[in-house]
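> Take this structure first; my questions come after.
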């Protein structure tokens, strides 16, 4: 392996550590007896700092009865890792994906991209199978390192490169939280016969989500372990009562007579819809290790991968398929079509279970509240990513960011609610773009330069910008990957030349291959640039 790649710990650097009942504050460090001392004991500020520390302690003490997690991005040391419930690695994703937005992603195939049912199924299955792999792989980094995802990315992206990625991750989390809240609010609106303002529904969903993400890791896993059960039963009822309305395509003769031109258009739409599915599936990869850092170092990597993969696979694909199938009921049932036009996916769900009477209202409440299970990890990981954006941000306690983030995405959701389908399609596409660049750099660093061995990492230097990679290779290859995105993307506001070339002169829909181009461009350039970085800079 290249010399200088594994950097030794500098003796003058003291890694910050913490347990679940401690929080790193400005100029506060721990001594060996876990007693907080002031590291800047200037005589002019000593009294003020002491008073500030006392106020913080009193404030934090109020949350002791909730067992609020006060640890931020500090590494979880091996002796502090006490979560051995491996099933949690599956359950958190089962609950997080058992939500209306995953159902809504499926409806986009026939609704937006005008695909037939079977074509939608092909895109949903194939692109989800691929998109889940990065999430399952990155989840394995948590037990091995004790580091959150964005902190672990410093070993490939460098200290400053990881700051950029963390900022993008914050934006991603805010966007997904807004999308989830919109769908939940739309469904609540149906429950109240359109009399509930959508802004009120968004606020209800957001506040409930904030409570659990505020208290932290332990309560998140408890909530996610069980919250999926009633929602799963509700979706089974939807599948049962809506089955007779499912149609293969919008026109009965579409599959019987397909010209070469139409077939070409279908392939383009499958690629574009597949990009949306991939963006949805891969979006958890930048959060995945956040929920496995408390597992012991000797936790089986294979078990973490398999349980994480299955937790995502079972829910993303089943709900996507159900969403595509239920939407086709709008072709033959005017009341379903009207409900979808009026209240989007929430209206469609309400119409599909109208035959069960008043019980349907109860099911709709379950559907709307299911989005809470997805918003919880979004906002929890947002709070951690915020601390990585800039060194000064880590001095603000993690749980404060959950409140700030909630306020921001409430505003975003209210603004975007009026054009949900276009917002969802564009957002998931853009998400797939930057995640493609992120995962390629993290994986190539681990596979090529760290030789797939955690022994080639020094996890004690996670916060030392002087010995972490310098970020030149990662940022440069990321920008080259961005060029690939521009060349391959197909959005209503821009179409790249590669996308146009694939469509040819048919004048039909141009496929979105932005994430594929991003992967290729980044995968080719990063190893070359990283070799140069290691040769000349030695870190």
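Positions of Cβ are set from backbone N, Cα and C atoms, glycine also.
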> In TrEMBL, which of the ranges 70-88, 431-449 has the transmembrane segment annotation?
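My reading of TrEMBL: the transmembrane segment range is 431-449.
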> Checking distant contacts: for the transmembrane segment (304-328), what same-chain residues at least six beyond its ends satisfy Cβ-Cβ under 8 A?
86-87, 89-94, 97-99, 102-107, 109-111, 117, 120-121, 124-125, 128-129, 132-133, 135-137, 139-140, 142-143, 228, 235, 238-239, 242, 245-250, 277, 280-281, 284, 288, 292, 295, 340, 345, 348-349, 352
> Which one of these stretches, 90-109, 227-247, 348-378, 431-449, has the most C-beta pairs shorter than 8 Å to the transmembrane segment (470-493)?
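It is 431-449 that shares the most Cβ pairs under 8 Å with the transmembrane segment (470-493).
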> Residues of the same chain, at least six outside the transmembrane segment (121-145), with any C-beta under 8 angstroms of its C-beta?
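Same-chain residues near the transmembrane segment (121-145) but 6 or more away: 75, 81, 89, 93, 105-106, 109, 115, 152, 270, 273-275, 277-282, 284-286, 288-293, 295-297, 299, 301, 304-306, 308-309, 312-313, 316-317, 320-321, 324, 432, 435, 439, 442-443, 454, 457, 459.
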> Considering pairs 6 or more residues apart, do the transmembrane segment (267-292) and the transmembrane segment (431-449) have at least three CB pairs under 8 Å?
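As far as Cβ distances go (cut-off 8 Å, pairs 6 or more apart), the transmembrane segment (267-292) and the transmembrane segment (431-449) touch.
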> Are the transmembrane segment (198-220) and the transmembrane segment (399-419) close, by which I mean at least 3 Cβ pairs under 8 Å that are 6+ residues apart in sequence?
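The answer is yes, given that the two segments have at least 3 Cβ pairs within the 8 Å cut-off.
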> Using a threshold of three or more Cβ pairs below 8 Å, and leaving out pairs closer than 6 in sequence, do the transmembrane segment (90-109) and the transmembrane segment (348-378) count as in contact?
yes
